[in-house]
Amino acid sequence: MEEANGNSRLGEGKAVPTPRKLESFESFPNYARALLNTPLRLLDRVTARSSDEVELVDVKKRSQHEMKKTLTWWDLIWFGVGSVIGSGIFVLTGLEVRNTVGPAVVLSYVVSGLSAMLSVFCYTEFAVEIPVAGGSFAYLRVELGEFVAFIASGNIILEYVIGGAAVSRSWTSYFATLCNQRSDKFVIVAHSLAHDYNKLDPIAVFVLAVTFSFAVFSTKGSSRLNYIASIIHVIVLMFIIVAGLSKADAENFDDFTPYGVRGIFSSAAVLFFAYVGFDAVSTMAEETKNPGKDIPIGLIGSMTLTTFIYCMMGVTLCLMQKYSNVDENAAYSVAFEAVGMKWAKYIVAFGALKGMTSVLLVGAVGQARYLTHIARTNLLPSWLAQVNEKTKTPVNATIVMFIATAIVAFFTSLDVLANLLSISTLFLFSLVALALLVRRYCVRGATSRSDLMKFLGFLFLILASSIGCSIYWSQTTKGWIGYAILVPIWFVGTFGIWFFVPLAKKPKIWGVPLVPFLPSASIGINIFLLGTLDKASFKRFGVWTAILVVYYLFVGVHASYDIAKAQKEKEKLETKIEPKMDEENGVFKNENHT
């Protein structure tokens with residue numbers, strides 16, 4: 001629901017200056033009393049909801065300075081292409097082709113691309129309606145509440161860090177290839193450190209420092225650098241496809257699915273990381289000149305182009321070289337060398353470096369804005385929310401994200417990082433699709449109690465059937481009976497919402513088509529792909545989520561409660577002052593400002 005109760009608003013009203021001090025943290029006795037009241041405060045915050053107006057006006061004010069609106073649909077398309085193409089193709093394709101899926105990687109990209117496109121539609125409606133730097137954090141905060149938004153966003157921030165580290169380490173591998181060296185030539189082995197964490201990569205840290213520096217000084221400057229680099233990169237990719245197919249050997253496709261259908265879906269879940277970039281693009285909505293026009297063209301256009309290129313690149317690689325011979329670190333460069341086009345590997349390495357540089361640059365821009373909006377709500381230290389007066393960029397948040405990413409990139413090997421990707425992205429995208437259904441069908445004051453109960457019942461069928469399919473896939477290797485039962489249940493839930501629950505809210509500018517079927521399909525596919533991931537991913541997800549919950553219970557909930565309390569006190573004061581002012585003007589008003 002848009003608002004759970006009238007006494008628990010997250011935005012806490014109209015113009016809201018950030019309190020200079022949070023009462024719970026002013027002294028140790030205050031903090032001790034706050035901890036004793038944690039259950040009541042948690043209940044208040046979990047049931048609270050923000051609103052579009054709060055995110056667009058009040059929360060933005062807490063950065064002290066506005067971000068400059070300089071981006072157009074052209075910038076967003078190339079930000080989307082730049083953020084995506086490079087991470088999947090040049091970082092994970094080699095690993096997945098050799099160890100998980102084989103030539104059927106093209107089908108993996110189709111599956112993950114379909115899932116990503118469904119999520120893009122959901123993100124686009126939110127980004128147009130709520131064009132703020134917080135991206136999915138702001139969307140979930142409005143529709144599902146602060147606690148869900150914080151846990152989901154905390155996980156996606158960690159995935160941003162892991163993804164940036166993976167790309168920067170792969171950058172080093174391709175740079176070594178460009179220098180006619182082994183892919184691990186510039187890695188320093190520290191034998192005293194633990195295995196998988198003893199291959200130190202100083203070049204990865206240097207590349208991160210350069211890209212994050214651009215993100216600090218100018219968003220428009222970063223955009224210009226990005227789309228120039230991305231255009232060059234697309235030209236190089238076209239060369240790779242054409243030149244690679246000229247050396248195609250159809251026999252390499254004889255064993256098209258060496259790891260079976262399970263390999264296709266398992267690989268699709270991992271390769272889904274390749275599409276995480278568009279989430280970073282949605283965080284740039286606050287700096288977009290015309291969100292209603294630019295965001296749909298930018299997001300949907302970039303995703304369409306990206307999916308096509310991914311599929312063609314996957315086909316090209318597996319036609320050039322037998323899947324079992326594909327190099328895990330620098331797949332395309334080594335493949336060209338293997339087919340006698342040694343000179344081409346330098347063009348490939350150059351293109352890969354261009355692509356991965358764009359990925360890191362867009363990631364640096366998007367990650368910082370994500371962190372900035374979370375800090376605006378005081379769930380993180382408020383100094384992370386500050387926008388620099390001169391550069392009009394969130395400098396503090398950018399520097400913090402750089403330090404975190406650089407530490408992980410310096411120590412952690414690529415194969416370890418690859419296993420930790422995708423789970424948070426799939427989880428977050430499922431929640432955004434769920435939030436869109438809530439936004440359309442559950443509006444306080446417009447949705448009756450009976451309609452709400454029907455909606456929740458049908459939504460339970462959608463979630464239960466999706467989770468059931470995911471578990472069935474992970475626990476069985478053969479059989480179709482489970483899907484024959486669960487898929488119709490999903491359809492009943494989706495059809496039930498469409499037929500029995502009236503639409504409570506329509507988008508003002510741009511809306512997702514085929515609601516509720518499209519967001520429901522997004523939920524189903526994302527949850528299904530979650531079931532194909534390995535146990536290590538779920539362990540990491542569980543440990544990090546537990547850390548986030550502990551932080552929220554000991555810090556976040558009290559900071560949020562203090563702000564809400566201060567705002568309610570301010571509103572009470574305004575309700576006393578305003579009628580008095582009206583009486584002096586000969587008019588008496590008694591409005592409810594809460």
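From the backbone N, Cα and C atoms, a Cβ is placed for every residue, glycine too.
What TrEMBL annotates here:
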{"type": "DOMAIN", "residues": "510-560", "note": "domain 'Cationic amino acid transporter C-terminal'"}
{"type": "TRANSMEM", "residues": "71-92", "note": "transmembrane segment"}
{"type": "TRANSMEM", "residues": "104-126", "note": "transmembrane segment"}
{"type": "TRANSMEM", "residues": "147-167", "note": "transmembrane segment"}
{"type": "TRANSMEM", "residues": "202-218", "note": "transmembrane segment"}
{"type": "TRANSMEM", "residues": "225-244", "note": "transmembrane segment"}
{"type": "TRANSMEM", "residues": "264-285", "note": "transmembrane segment"}
{"type": "TRANSMEM", "residues": "343-366", "note": "transmembrane segment"}
{"type": "TRANSMEM", "residues": "420-443", "note": "transmembrane segment"}
{"type": "TRANSMEM", "residues": "455-474", "note": "transmembrane segment"}
{"type": "TRANSMEM", "residues": "480-501", "note": "transmembrane segment"}
{"type": "TRANSMEM", "residues": "508-529", "note": "transmembrane segment"}
{"type": "TRANSMEM", "residues": "541-561", "note": "transmembrane segment"}
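Between the transmembrane segment (147-167) and the transmembrane segment (480-501) there are fewer than 3 Cβ pairs closer than 8 Å, counting only residues 6 or more apart in sequence, so the two stretches are not in contact. Summarised by DSSP class, the composition of the domain 'Cationic amino acid transporter C-terminal' (510-560) is 40 helix, 0 strand, 11 coil. Within the chain, the transmembrane segment (455-474) has long-range Cβ neighbours (under 8 A, six or more residues past its boundaries) at 262, 265, 434, 437, 441-442, 447, 482-483, 486-487, 489-490, 492-494, 496-497, 500-501, 520, 523-524, 527-532. Below 8 A, the CB atoms of the transmembrane segment (264-285) and the transmembrane segment (225-244) form no more than two pairs separated by six or more positions in the chain, fewer than 3 in all. In the predicted model, residues of the domain 'Cationic amino acid transporter C-terminal' (510-560) average a pLDDT of 90.
Per-stretch counts of Cβ pairs under 8 Å to the transmembrane segment (420-443) identify 508-529 as the leading one among 104-126, 225-244, 343-366, 508-529, 541-561.
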